[in-house]
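Here's what Swiss-Prot has on this protein:
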| type | residues | note |
| --- | --- | --- |
| ACT_SITE | HIS220 | active site |
| BINDING | ALA124, ASN190 | NAD(+) binding site |
Amino acid sequence: MLNIVMIGCGAIGAGVLELLENDPQLRVDAVIVPRDSETQVRHRLASLRRPPRVLSALPAGERPDLLVECAGHRAIEQHVLPALAQGIPCLVVSVGALSEPGLVERLEAAAQAGGSRIELLPGAIGAIDALSAARVGGLESVRYTGRKPASAWLGTPGETVCDLQRLEKARVIFDGSAREAARLYPKNANVAATLSLAGLGLDRTQVRLIADPESCENVHQVEASGAFGGFELTLRGKPLAANPKTSALTVYSVVRALGNHAHAISI
């Protein structure tokens, strides 16, 4: 059985814990949350058949088989970098954080120093394998369009573009590079950043973000072309009830990645 420590226990982390309840090969031994949230999270997880320990930091000398980040961008700095340097392999959900200048290089250096490895999870998007394979032969263009319910953009710069609460028809709230999208919309940047890292990079990947009052799904569209030919992907993801900014597929992506580490055959 893999010994797993998870950073964060919000909508994504809680969903992962629930799905792992009946998997005999996978167990989250501990979750790491801010100190002032420990009691609340411990109470919330008490109903699980196998509740994990709730900690504010990884105890000195403790070496789990895997550390899984489900907590947002700050957790990369606080927990993932030190874990990699200590030789602990890490899975990362908050790929948008890697748009920060120099962070990719720091993560790579920490992993090399510790002899460990970092795996970036696809989360809410698919076709990452096809995109990264196409890059080998030469990519020419990659465009990502993200369409979400208007309410999912509350608390973002989209509020300065239009009145999201009174929006009557779909409105483009951003059109530019993936790097700029990640800077302005960090909580919605994971898909764009993942596509960029797999393909043409943050500056050459084009991003369009749309607020749609008639949509009840998070719709991700990817168009790519190059020496390989081209492809178009449309993925309609149901948002998590606990967080409309996040697709439920993100939770399933984490569980799938953990299964690939635990089981004899992975795909």
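Every residue number used here counts from 1 along the chain in the order it is shown.
Here the Cβ of each residue, glycine as well, is placed from N, Cα and C on the backbone.
Across the structure, the residue listed as 'active site' and ALA124 (NAD(+) binding site) are spaced 8 Å apart at their Cα atoms. With a 10 A radius on its CB, HIS220 (active site) counts 25 other CB atoms from all the protein chains. The least crowded of the binding-site residues ALA124, ASN190, judged by other CB atoms within 10 A of its own CB, is ALA124. Reduced to three states, the DSSP call for ALA124 (NAD(+) binding site) is coil.
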